[in-house]
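Have a look at the structure below, then the notes.
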Amino acid sequence: MSENNTYDSSSIKVLKGLDAVRKRPGMYIGDTDDGTGLHHMVFEVVDNSIDEALAGYCSEISITIHTDESITVRDNGRGIPVDIHKEEGVSAAEVIMTVLHAGGKFDDNTYKVSGGLHGVGVSVVNALSHELRLTIRRHNKVWEQVYHHGVPQFPLREVGETDGSGTEVHFKPSPETFSNIHFSWDILAKRIRELSFLNSGVGILLRDERTGKEELFKYEGGLKAFVEYLNTNKTAVNEVFHFNVQREEDGVGVEVALQWNDSFNENLLCFTNNIPQRDGGTHLAGFRSALTRNLNNYIEAEGLAKKFKIATTGDDAREGLTAIISVKVPDPKFSSQTKDKLVSSEVKTAVEQEMGKYFADFLLENPNEAKAVVGKMIDAARAREAARKAREMTRRKGALDIAGLPGKLADCQEKDPALSELYIVEGDSAGGSAKQGRNRRTQAILPLKGKILNVEKARFDKMLSSQEVGTLITALGCGIGREEYNIDKLRYHNIIIMTDADVDGSHIRTLLLTFFFRQMPELIERGYIYIAQPPLYKVKRGKQEQYIKDDQAMEEYMTQSALEDASLHVNEHAPGLSGAALEKLVNEYRGVIATLKRLSRLYPQELTEHFIYLPTVSVDDLANESAMQGWLEKFQARLTAAEKSGLTYKASLREDRERHLWLPEVELVAHGLSSYVTFNRDFFASNDYRSVSLLGDQLNSLLEDGAYVQKGERKRPISAFKDGLDWLMAEGTKRHSIQRYKGLGEMNPEQLWETTMDPNVRRMLKVTIEDAIAADQIFNTLMGDAVEPRRDFIESNALAVSNLDV
């Protein structure tokens, strides 16, 4: 617990100026187009809560991704000070939210150590948010303030009482700043996992309301536990080596944890003051130097180099190594604003000295583990030598082939890699269609026979001797392995995996992705790998055939068919609503139903569909008990009418004591088991609810007694819009035959070009890695040697599978 317990407006130091943020957001938060800036918004808010935890006042943080892509971050810290700031004349909370570089971390006494990726504070998040709602629980009171684009809508005000404490920030990023507002679970989970390991004992709950997924990140044991986590499902060669030292001579703190495993991949993570360095830097250089020197000294001292007649390198030492280097530096220097590379020269000396000292002691004190590590290093050197010989053999064979390219490859005429595409296709039949259907100028085709080697289980020299892998490496042209690999020699910057939509196709795609992830991850990082998306359906109507790409396009096609020659009549005598007007109404209805489906993990659709037909509830109405009671009676009447055998609904009002609101709550009793759903203030304030009530107003004024729909000569009386739409859809599908489509070989060359290869109409998925640690574990679990973790994975995820097609 911190010694200075006074945390009020006097702790908040101000460095002014916020206008520049809206003009040049990239300087403050990162790229606003590729998602990095968007996710930094969350990290800036979370870092404030982490600072509270480091000071000893916060133990729980929750992050919620809402269905409308807004975010709530809540902690149980002290709560931001609410008293009036002497310099600024407004509440300290408003200063923190509206002034750049204002906060406790600029006052040396409040936070001794603080995170912060860009160190710009939550005010930048506020400036770049369409709306931000700040809720503070402090001194048994609840305070609230709302901002639009950083502008306060009213002064901080007291809204209720509470027993808890802490800060809650709910924000919706501004579409004026960010071109794509979609939060990635993987990107958030990656950083939160790092923070929870680097800050032992703090529980961080990540919850995604879009999918229902949630995970608690809470780890004791710091970096040692982090290494053990990274090596899950791998066989460890040694116990985790770990040290943590604070140097007095230069004030640098060095913590290292490492462990070798039986895989062939190196996994090194570097941090400075809790911030990750993707490109390493001086701390990594110092670590590598000390590691290689110590191991080579040990090999020399034991006489192993002469015995095995082999020379080892630093690369051999790092095969199968998982290590984390974390340094605490008073004033770190980085190569750029994004802090991806540390350049402080004194850190190299610090890490090299401490690592050299502690690791030498480890090798001397643990002779059995030292022998196991060195044995693995010598095995790696032997495999490297075997791989070199295999490469030379491949080269000699290749010299006989024209230009050294595999005979199977149908190359393209274009020599600029940025304009060239390589289609990796499954089998010769699809390869034949693809070769005939392609654009020869820019599209090359490489058919692979059967399933390529699973590189997760194979050593490097065995992998090189595999014919299909060798063919692929030669076609790509960039080489493989540390000595040979050169991304600049890659012959295609668009590598497209095109396999059938069946089990074998999925397996081949997974084997190829395993190869790229393990051997050429840079191709994925640069966005060169794609997966082709052939159409899912073929629809026949009379003599007409049409390919349809996915379920959404199928629904659109069937809706068009249903609305042909169709009309909706408000009553018996009214003219019909048809054509574009009817299509617009159907699309609006479908949009609302899609919204309700998206919300259904939180609020069951069987309840929310009634809101279309009920009066609109405003946020102000929630404070009026009698108004809410009247609305509830109408809601209960509809629920009672919808009850089925074994299922009953009971609606009531629940008081929110913090804010003095009356919230509708429904008890669902299914076969004697009760579950409860509460519709909270955020639900009624959301754009989603607004769209439901607007559609309701439109539909409720539309249908009268005697309403009907008509298609051609056929009529159907209706009492609800849904009944009419369902009847029209059923009528529209009658004369269609629908074929679910699986194999590429089923298409002729012309169809393959039109649907899957023509750059003007095709759809492709770009392969990305947003959470490398999670990706590593998935590949290890699904493609590795251990069977038990794979069975556990399948059992725990089986129920989440949709569209299982085997």
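Cβ atoms are placed via backbone N, Cα and C, with glycine included.
Within 10 Å of the C-beta of ASP500 (Mg(2+) 1 binding site) we count 21 further C-beta atoms, all protein chains included. DSSP assigns ASP500 (Mg(2+) 1 binding site) to coil, not to a helix or a strand. Annotation comment: Swiss-Prot describes GLU426, ASP500 as Mg(2+) 1 binding site, evidence class sequence analysis.
Residues or ranges marked as Mg(2+) 2 binding site by Swiss-Prot on the basis of sequence analysis: ASP500, ASP502.
If you look up Swiss-Prot, you'll see 420-535 marked as domain 'Toprim', on the strength of sequence analysis.
Per Swiss-Prot, the feature site 'Interaction with DNA' maps to LYS451 (among others). Within the same chain, the residues at least 6 positions away from LYS451 (site 'Interaction with DNA') whose Cβ sits under 8 Å from its Cβ are ASP504, HIS507, ILE508, LEU511, listed in sequence order. When secondary structure is read from DSSP and collapsed to three states, LYS451 (site 'Interaction with DNA') falls in the coil class.
In sequence order, LEU511, THR514, MET783 make up the list of same-chain residues 6 or more apart from ASN454 (site 'Interaction with DNA') whose Cβ falls under 8 Å from its Cβ. Swiss-Prot lists ASN454 (among others) with the feature site 'Interaction with DNA', giving sequence analysis as the kind of evidence.
Rounded to a whole number, the distance between the Cα atoms of GLU426 (Mg(2+) 1 binding site) and ASP502 (Mg(2+) 2 binding site) is 11 Å. Taking every protein chain shown into account, GLU426, ASP502 are the binding-site residues, and of these the Cβ with the most other Cβ atoms within 10 Å belongs to GLU426. Residue counts for the domain 'Toprim' (420-535) by DSSP state, with H, G and I taken as helix and E and B as strand, are 55 helix, 21 strand, 40 coil.
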